[in-house]
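For reference, the structure is listed below as C-alpha cells.
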Amino acid sequence: MTLPKHIAIIMDGNGRWAQLKRKPRTFGHIKGTRVAKKIITACSRRGIKNLTLYAFSSENWFRPQAEVSFLMKILRRYLDRETENLVKENIRFSVIGDLSRVPADVYKAILQAGEATAQCTGLNLVFALSYGSRQEITLAVREIAERVAAGELSPDDIDEAMISTSLSTYPTPDPDLIVRTSGEQRLSNFLLWQAAYSEFYFTEVLWPNFTESHLEEALSAFSVRQRRYGKVSTNDNLEKLSN
Ligand code: IPE
Ligand code: IPE
Ligand code: MG
C-alpha cells in the first residue's frame with residue numbers, strides 16, 4: 001500500500017459535535033484534543049513521516065474571547081502533559097504560524113516541546129497554529145523582495161523552489177494527502193501553495209468522532225488514487241486517447 005509521506009489534517013467539527021450533545025463548544029475541543037493525540041500516535045506507528053495538524057487558524061482569533069482563551073489553555077495543557085510522551089515515541093514537534101499572537105505561557109510551552117524533541121528522528125509532527133497560508137505567502141514574498149532591494153538577488157533568480165524554501169513549512173515536503181473532517185470542503189487558508197498537487201479526502205465524520213479506522217479508510221482511499229501531475233499515466237494508451 002502506498003503511504004503518503006505527508007498527511008495534513010484540518011481537524012474540523014468540534015463545535016457541532018458538542019452542540020449535538022447539548023454541551024458547550026469547549027467540550028468538543030477537549031474531546032478533539034484526545035482524538036488528536038490518538039491520531040498522532042497512530043500515524044507514528046504506521047510509519048508516516050510527516051503529519052501537519054491544523055489546530056488554530058489566523059481567522060480563529062476572531063472567535064469569542066472565551067473560546068480563544070480556552071483553546072490556548074488546552075493547547076498549553078496538551079504540551080505540558082504530552083512532551084514526555086512525544087520524546088518516548090521519537091516524535092519531533094514544531095509549529096508553523098504567527099506565534100507573536102499566542103500568549104506567553106503557550107509560546108514557552110511550544111519552545112520547550114520543540115527543544116525536548118529536537119533530536120527525535122521518527123514522525124515529524126507540525127502544528128499549524130495561528131496559521132494562515134496567505135500571511136505565510138505574504139511574508140515569504142516580502143522577504144524575497146527585501147533581498148532584491150538589497151541587491152542580493154535579481155528578479156530572474158526567483159523560481160518555485162525559492163518560494164517553497166521561503167515558506168514556513170520548509171523543509172517538510174508538500175502534503176500528499178489533505179484530510180478534512182465534518183463535511184466542509186474547503187481549505188480555509190491552509191497550505192495554499194503546498195496543496196498544488198495534494199490529494200483531498202473529505203469525510204462527514206466530525207473530528208471528535210474520528211478514529212484510527214477512519215484514518216485507515218483515508219489511507220486506503222489515497223493508496224488507489226492515480227496522481228498524474230498533469231501528465232498522462234504510464235498505462236494510458238496514447239492511441240486510444242487520439243481515437
Ligand atoms: C475545529 O472545530 C477546531 C478549531 C477550529 C479550533 P470547530 O471549532 O471549527 O468546530 P465547528 O466547525 O464549529 O463544528
Ligand atoms: C479551519 O476550521 C481551522 C481549523 C480546523 C483549525 P474553521 O472551522 O475555522 O474553518 P471555517 O471557518 O469553517 O472555514
Ligand atoms: Mg469549524
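Using the three backbone atoms N, Cα and C, a Cβ is placed for every residue, glycine included.
If you look up TrEMBL, you'll see D12 marked as active site. Residues or ranges marked as active site, proton acceptor by TrEMBL: N60. TrEMBL lists D12, E199 with the feature Mg(2+) binding site. Residues or ranges marked as substrate binding site in TrEMBL: 13-17, R25, H29, 57-59, W61, R63, R180, 186-188.
Shown here: features listed in TrEMBL, placed on the structure.
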{"residue": "D12", "record": "active site", "contacts (Cβ under 8 Å, 6+ apart)": "R180, T181, S182, E184, L206, W207"}
{"residue": "G13", "record": "substrate binding site", "contacts (Cβ under 8 Å, 6+ apart)": "G28, T181, S182, G183, V205, L206, W207, P208, N209"}
{"residue": "G15", "record": "substrate binding site", "contacts (Cβ under 8 Å, 6+ apart)": "R25, G28"}
{"residue": "W17", "record": "substrate binding site", "contacts (Cβ under 8 Å, 6+ apart)": "G28, K31, G32, L206, W207, P208, N209"}
{"residue": "H29", "record": "substrate binding site", "contacts (Cβ under 8 Å, 6+ apart)": "N14, A18, F70, L71, I74"}
{"residue": "S58", "record": "substrate binding site", "contacts (Cβ under 8 Å, 6+ apart)": "G97, D98, S130, Y131, G132, Q135, N189"}
{"residue": "N60", "record": "active site, proton acceptor", "contacts (Cβ under 8 Å, 6+ apart)": "V68, L71, S130"}
{"residue": "L187", "record": "substrate binding site", "contacts (Cβ under 8 Å, 6+ apart)": "I10, S133, I178, A195"}
{"residue": "E199", "record": "Mg(2+) binding site", "contacts (Cβ under 8 Å, 6+ apart)": "P4, D176, L177, I178, F222, R225, R227"}
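W17 (substrate binding site) falls within a helix when secondary structure is assigned with DSSP.
With a CB cut-off of under 6 A applied against ligand 2, none of the binding-site residues G13, W61, R180, L187, E199 are retained. Checking the binding-site residues G13, S58, L187 against ligand 1, the ones with a C-beta less than 6 Å from an atom of that molecule are G13. Proximity of the recorded positions (D12, N60, E199) to ligand 3: a Cβ under 6 Å from the molecule is found for D12. DSSP assigns E199 (Mg(2+) binding site) to a strand. When Cβ neighbours within 10 Å are tallied across all protein chains shown, the highest count among the binding-site residues W61, R180 belongs to R180.
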